[in-house]
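Written out below as structure tokens is the structure these notes cover.
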Amino acid sequence: MSDLQANKDAAAVNRQSSSSSADLNGPSPMRKMISVASIAAGIQFGWALQLSLLTPYVQLLGVPHKWSSFIWLCGPVSGLLVQPSVGYFSDRCKSRFGRRRPFIAMGALLVAVAVVLIGYAADFGHSMGDKVDEPVKMRAVVIFALGFWILDVANNTLQGPCRAFLGDLAAGDAKKTRTANAFFSFFMAVGNVLGYAAGSYTNLYKIFPFTMTKACDIYCANLKSCFFLSITLLLVVTIIALWYVEDKQWSPKADSDNEKTPFFGEIFGAFKVMKRPMWMLLIVTALNWIAWFPFLLYDTDWMGREVYGGDSKGDDKMKKLYNQGIHVGGLGLMLNSIVLGFMSLGIEGISRKMGGAKRLWGAVNIILAVCLAMTVLVTKKAEEHRRIAGPMALPTDGIRAGALTLFALLGIPLAITFSIPFALASIISSSSGAGQGLSLGVLNMTIVIPQMVVSFGVGPIDALFGGGNLPGFVVGAIAAAISSVVAFSVLP
């Protein structure tokens with residue numbers, strides 16, 4: 001009886017895949033895969049702005065540091081629900097425009113809506129009654145949170161179908177799948193560099209002088225200007241890719257089972273019939289993101305608060321110190337992205353020389369653990385310097401160089417995190433006959449659930465130990481070390 005049920009579950013998982021890679025006449029040319037992968041540059045431009053500017057911005061709107069992580073919780077929640085849903089429905093989409101292209105187009109339009117809400121949150125809040133001098137601008141915070149939620153929904157609506165589209169175009173070719181995902185990671189790096197460069201340029205608002213208003217200061221105006229550039233890039237690369245790359249209309253095979261399986265039945269069916277290699281991949285991915293998310297959430301805040309000794313809630317001098325640290329953190333993230341880009345292009349060759357993906361992934365997780373642990377040393381050196389030179393003293397060149405070096409080195413494991421898990425999931429799903437969209441949606445669940453855990457836990461943990469960022473980073477270092485051991489020992 002259990003074997004019969006397992007077979008039914010397997011049929012449910014595989015039913016939507018009747019045209020995943022088999023209906024393409026072999027792999028598509030690499031230039032088409034690169035065109036689709038380039039959408040990642042537009043996605044990541046906006047994501048880079050989220051990571052580098054929005055945590056400080058929401059604190060300027062009046063949200064305390066320990067609660068800002070709860071606003072970020074909307075990202076993991078939307079990822080948990082949206083990406084598997086989009087994967088499921090895109091696997092089954094019968095639109096004449098193809099399976100993936102309608103979802104990619106819808107995601108790009110949602111990004112445009114979100115950018116307007118986020119960029120103009122302070123202005124909308126002021127027009128609804130927020131006072132410029134009040135510490136907590138509640139209406140602006142609500143509008144910001146709504147825009148932030150929509151932006152995360154849009155990013156998940158875009159990213160899942162893009163990666164699934166690459167899997168479709170690779171048509172089961174393992175090497176092309178790895179290469180396509182490496183290019184996706186490379187274009188993420190390109191988007192990061194552009195986003196962090198824009199975020200670190202303090203006079204960008206002068207290009208769009210209308211962005212500065214009574215309710216929106218220079219920092220806010222720069223944020224608006226950055227998002228205008230972001231949505232322009234995203235729309236350009238998306239339009240080019242959707243026009244250039246054909247996405248064949250899907251229709252079920254004549255001999256396929258036409259019974260419709262509910263979405264949640266399909267998800268649970270996927271977990272029931274999942275083979276050991278996929279389970280091991282999910283475990284390592286989950287540990288990896290427990291390690292990453294505290295740093296991705298608070299990296300620039302760490303530069304402004306711990307390294308530079310500033311405070312977003314302090315007097316003008318402390319705010320100035322904090323903003324200086326934020327902008328240097330933006331430079332660090334740009335260096336991180338440059339390393340990420342070069343590493344992405346070399347993943348295939350390095351993986352072969354090291355003897356496979358599990359050795360490479362395990363090795364770079366050691367780098368991740370060491371770098372996260374070293375943030376403690378950099379912070380202590382900065383605090384010691386301020387005790388000697390005075391609380392308003394800028395960090396020494398050595399301290400600043402040490403912090404920027406950590407940012408740069410973290411680009412190495414980040415390239416692997418953005419590439420190898422998705423390539424392995426695509427390869428495993430192709431070999432098992434599962435739909436690309438659903439398989440990548442299941443993988444995404446092991447990314448966003450750890451993010452939810454971190455979002456709930458890191459703020460209170462940081463507050464318990466004095467309100468800084470180091471406790472979350474130390475938890476990340478421990479998780480990275482564990483993920484390295486697991487990658488070496490259990491990945492196939």
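Heads up, the Cβ atoms here are built off N, Cα and C, so glycines get one too.
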- Query: Going by Swiss-Prot, do ARG100 and ASP247 end up on one side of the membrane?
  - Reply: yes
- Query: Could you give the number of helix, strand and coil residues in the topological domain 'Extracellular' (299-324) as assigned by DSSP?
  - Reply: 18 helix, 0 strand, 8 coil
- Give the one range among 34-54, 102-122, 470-490 whose Cβ atoms make the most pairs under 8 Å with those of the transmembrane segment (225-245). 34-54
- Item | Per-state residue totals over the topological domain 'Cytoplasmic' (346-359) - DSSP helix, strand, coil | 12 helix, 0 strand, 2 coil
- Rank 140-160, 325-345, 404-424 by Cβ pairs under 8 Å to the transmembrane segment (182-202) and hand me the top one. 325-345
- What residues in the same chain, six or more past the boundaries of the transmembrane segment (325-345), come closer than 8 Å to it by Cβ-Cβ distance? 48, 51-53, 56, 182-183, 185-186, 188-190, 192-193, 196-197, 199-200, 202, 299-305, 307-308, 310, 400, 403-404, 406-412, 414-416, 418-419
- Task: Please indicate, using numbers and ranges, the residues of the same chain that are 6 or more beyond the topological domain 'Cytoplasmic' (346-359) and have a C-beta under 8 Å from a C-beta there.
- Result: 175, 178-179, 182, 185, 415-416, 419-420, 423-424, 487-488, 491-492
